[in-house]
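Report on one structure; see the data block that follows.
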Amino acid sequence: MNSSSSHRNILVTSALPYANGPIHLGHVLEGIQTDIWVRFQKAIGNECYFFCADDTHGTPVMLAARKEGITPEQLIERVGQEHYRDLTSFGIEYDHYDSTHSKANQEISKDIYLKLKSKGHISRRSIEQSYCETDKMFLPDRFIKGTCPNCKSKDQYGDNCEVCGATYSPKDLIDSHCSLCGTSPVVKNSDHIFFKLGDFHKKDEKSTSLETINPSHLKTDFDLQSWIETSGVVSESEGVKKKLKEWFDAGLQDWDISRDGPYFGFEIPDETNKYFYVWLDAPIGYMASSKNFFEKNFPNEPNKFDSFWKNKNSEIVHFIGKDILYFHTLFWPAMLEGSDYRAPSKVHVHGFIGVNGEKMSKSRGTFIKAETFVKYLDPEHLRFYLASKLGPGMDDIDLSFEDFINKVNSDLVGNLINSVSRVSTTILDALDRTLGVVSKEGLALIEEILYQTVKFGPGEDSIQNIIKYAYDQRNYAKVLREITRLGDRVNRYVNDNAPWKLIKENPEKAREVVTVTLNASRFLAIYLYPVVPKISEQIYKLLNLQDSPSFKDLDKNRILENIKVLPYEMISKRVDEKAIKAMLEENKQSEHSKKVETSENPVPEERLEISIDDLSKVELRVGQIVEAGPVDGADKLVNVKVDLGELGIKNVFAGIKVAYQPENLKGLKVVVVANLKPRKMKFGISEAMLLASGEGESLSLFIPHKDAKPGDRLK
């Protein structure tokens with residue numbers, strides 16, 4: 001059971017946040033889960049590196065930059081800094097955080113592609129592709145929405161279903177439409193490049209490709225299904241194995257790895273206006289991030305990169321959400337093995353996070369951004385709470401704020417921190433803040449914390465080994481149950497000996513109790529270090545220890561005696577329910593403000609049915625923006641002049657600046673509510689309303705057909 005019996009060399013990654021939105025609690029969950037595991041591996045002496053990067057390519061990034069009037073490079077630079085700031089504010093400590101838009105990533109992507117091509121795993125064929133006549137572009141999968149052809153869930157993307165996990169072609173989507181303008185796309189032919197995934201599954205040895213770029217097809221010895229079943233890469237999760245079996249039984253399809261320009265990404269070698277699909281170079285970002293780190297930090301070890309990515313004696317471990325299982329357990333390992341790299345050792349899959357028993361909701365204020373959480377609450381508290389919920393499977397996690405308050409205040413602050421604080425203030429002051437020696441009785445307590453035998457499954461083992469094993473298996477809930485139980489034992493020792501009484505009657509006996517308590521608490525801080533590193537380091541600082549907590553110090557021969565202890569500083573406060581309410585209220589107000597500024601007449605959340613007579617009262621007309629400018633004192637408003645043909649030019653204040661820069665609006669045709677009662681605002685009179693859909697940076701104005709004329713009425 002002892003996970004530290006032999007030295008391990010481990011490269012760890014968490015999934016890459018996409019560069020067109022803020023970090024929220026879903027990202028934070030994965031980052032914390034990964035960081036705890038990495039900190040544990042380092043604490044027991046393993047060589048372990050933690051890499052991540054921003055996922056920066058694709059049409060969404062390109063269009064988001066266009067709306068802001070900046071280049072994609074400028075956008076991803078800013079967002080990357082924001083992502084890194086938000087993730088590290090939760091104590092997530094990367095060895096290197098990179099961007100997929102890097103020279104190293106481009107070079108490795110090219111290398112992998114050309115090797116796959118030379119071995120016959122790449123094919124070309126003409127495909128029917130969705131094209132938006134309004135926006136004059138081929139539509140990427142994520143800009144097509146409709147009903148899933150597999151489970152019939154509505155509002156799903158063009159490449160995969162977030163409900164059932166199925167992947168498919170955009171043309172298979174039912175009732176598809178362009179998510180930019182809402183019109184139904186037309187179909188055009190375009191040559192695309194495919195990765196023949198079926199080459200890596202014996203059941204699918206015959207390729208379905210119509211034309212092979214390299215006709216000398218070479219077989220591969222790597223079979224995905226055998227690898228999944230025998231390598232243990234996902235052995236701990238029956239749910240994962242069941243889902244993979246479904247995909248194998250259905251047969252593995254060739255994977256389209258190209259996109260037509262315009263597209264923000266890497267051009268495919270020897271092709272014209274063809275770019276790598278973002279999902280090809282995104283996971284390669286793991287490799288590029290590690291390559292950049294190794295070249296900078298190990299200049300005298302040129303084979304450091306290969307010692308992980310080409311050496312199966314090392315470990316490559318991915319932490320991902322269950323929504324990207326297909327890519328990481330099928331496409332990714334096949335790409336690696338097919339290009340002379342090695343497949344991952346483990347793919348650890350976690351579930352989603354909800355808040356108060358429901359999915360995160362913007363309207364209820366529970367779609368919580370990382371930036372907002374740290375403004376009101378202690379990130380260490382979230383680390384502790386999520387760890388108490390995390391097991392080795394991929395079950396979803398619920399952040400119940402009532403439970404959050406109780407668990408943090410009771411188990412962390414009221415138990416594990418309390419054992420330190422209750423003996424470190426006035427009692428230690430009266431003892432010149434100096435520890436004594438550990439008594440025989442005290443040594444028995446410390447040995448209980450370090451070496452006691454505990455039942456585990458059908459057998460038993462030492463408490464240290466059980467905690468280490470649970471950490472290694474990502475069973476953090478088990479870890480915290482054991483540590484909390486030990487914390488109860490330490491607090492019981494303090495209660496039984498009452499040093500606040502002894503300080504008056506027998507100061508040296510009080511010193512002995514304090515010495516035992518702080519030594520016991522120090523060992524608990526070591527156990528806790530991967531979960532709450534800041535709190536553990538504060539306890540170390542109190543004890544005047546310069547090093548970070550390390551599992552090698554879990555030894556009774558490392559007891560601290562006759563040392564001076566620093567003045568006590570608050571380690572952590574209890575969670576205040578008022579802070580949670582304030583955070584949720586800010587979220588709700590922020591969302592409400594967006595809706596108000598987007599529409600002069602916000603639609604209520606409850607669906608309201610109207611009659612045909614009501615609808616006929618609304619006069620929708622085509623307008624053309626002839627002027628657009630900012631509004632002083634209103635960061636989210638744009639002042640536009642709209643030409644409505646015979647109705648003349650109307651003045652409109654529109655809450656669209658989050659998605660559109662004024663200088664990009666002139667000449668744009670829009671849909672206008674032309675007979676809206678003029679509204680007096682502090683900036684002036686707003687005489688109409690522009691129609692738009694979506695929220696935040698995804699907000700899009702409704703665009704009429706190019707031949708429509710200003711003043712035309714929509715019917």
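Don't overthink the numbers, they just go from 1 along the chain as shown.
Using the three backbone atoms N, Cα and C, a Cβ is placed for every residue, glycine included.
Annotation source Swiss-Prot lists Zn(2+) binding site at C148, C151, C161, C164, citing sequence analysis. Of all the Cβ atoms in the protein chains shown, 14 others lie within 10 Å of the Cβ of C164 (Zn(2+) binding site). According to DSSP, C164 (Zn(2+) binding site) is assigned to coil rather than to any helix or strand.
K362 (ATP binding site) carries neither a helix nor a strand DSSP state and counts as coil. For K362, the entry in Swiss-Prot reads ATP binding site.
Each residue of the domain 'tRNA-binding' (614-715) gets a DSSP state, and the totals for helix, strand and coil are 12 helix, 46 strand, 44 coil. Residues or ranges marked as domain 'tRNA-binding' in Swiss-Prot: 614-715.
What Swiss-Prot records for 17-27 is motif ''HIGH' region'. Mean pLDDT across the motif ''HIGH' region' (17-27) comes to 95 in this model.
Per Swiss-Prot, the feature motif ''KMSKS' region' maps to 359-363.
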Rounded distance in angstrom between the Cα atoms of C151 (Zn(2+) binding site) and K362 (ATP binding site): 26
Other C-beta atoms that fall within 10 angstroms of the C-beta of C148 (Zn(2+) binding site): 22
Cα separation, K362 (ATP binding site) to C148 (Zn(2+) binding site) (Å, whole number): 25
Spatial neighbours of C161 (Zn(2+) binding site) that are distant in sequence (at least 6 apart) but have CB under 8 A: C148, N150, C151, S153, T167, Y168
Inter-residue C-alpha distance, K362 (ATP binding site) and C164 (Zn(2+) binding site) (nearest angstrom): 23
Cβ-based isolation winner (fewest other Cβ atoms within 10 Å) among the binding-site residues C151, K362: C151
Helix, strand and coil counts within the motif ''HIGH' region' (17-27) (DSSP): 3 helix, 2 strand, 6 coil
